[in-house]
Amino acid sequence: MKYIIAPSILSADLARLGDDVKEVLDAGADVVHFDVMDNHYVPNLTFGPQICSALRKYGIEAPIDAHLMVTPVDDLIGSFADAGATSITFHPEASKHIDRSLQLIKSRGCKAGLALNPATPLNVLDYVWDKLDMVVIMSVNPGFGGQSFIPSALKKISALRAAAVKNGRDDLIIEVDGGVKPNNIGEIASAGANMFVAGSAIFGSDDYRKVISSMRSELEKI
Ligand SMILES: O=C(CO)[C@@H](O)[C@H](O)COP(=O)(O)O
Ligand SMILES: [Fe+2]
């Protein structure tokens, strides 16, 4: 199984973001996780599409995974596609028309996904399986980095993997976001996840390579 490690730039050194992103990619990360917060859908405010295009202009070529915690979502989907996002995920509660928002992402050539909060049930996926490249299981309530992993996410990941297989979507990327660390990444992967967002665990360390390597060695044990 190919495992994807996606550091969240929410915990990066924002005063030297381009260099910090280059360093984390050089240290072995696969994808840049880009948390977009609007102080409306979530009680925090971060960065918009200009920062995403600035990273592209700075030479960042790795996939950029835009996690939209905003409402409404549709206008920003176009802006992030233009800014160079590779995948765009949003929260079902934040869109009036989930199917339309997913179609919009696909029509702009990006991978599309829904991000499910800890208390959001999986049945929101029932009629959109064919439009999903990925589903994000939030293992914290969205809005902040540095929170603790909510253990009930493990059961939800297993149920999602089973539902994906049942719906003919063995290829679904299951991304887990919140509180992921070297000491829990193994059980998260065993439950069925294959993409791991980690903000504070990676950027909070003074040795990115060491943390990413220890995550990979935990994944190799599965
Ligand atoms: O989307 C979010 C929070 O809303 C995340 O992407 C966090 O930024 C992950 O940070 P850590 O929990 O790994 O510190
Ligand atoms: Fe995120």
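Count begins at 1; order follows the chain as displayed.
Note that Cβ sites are derived from N, Cα and C of the backbone, with glycine treated the same way.
Just so you know, TrEMBL annotations are computer predictions that nobody has curated.
Cross-referencing His67, His91 against the substrate binding annotation in TrEMBL, which names Ser8, Gly143, Phe144, Gly145, Gly146, Asp177, Gly178, Gly179, Gly199, Ser200, picks out His67. Rounded to a whole number, the distance between the Cα atoms of Ser8 (substrate binding site) and Asp35 (divalent metal cation binding site) is 7 Å. Neighbouring residues of the recorded divalent metal cation site, listed in sequence order and excluding His33, Asp35, His67, Asp177, comprise Ala6, Ser8, Leu10, Phe34, Asp65, Thr89, Ala115, Val136, Val197, Gly199 (Cβ within 8 Å of the Cβ centroid).
Secondary structure at Gly145 (substrate binding site), taken from DSSP and collapsed to helix, strand or coil, is coil. Fewest other C-beta atoms within 10 angstroms, among the binding-site residues Asp35, Asp177, are seen around Asp35.
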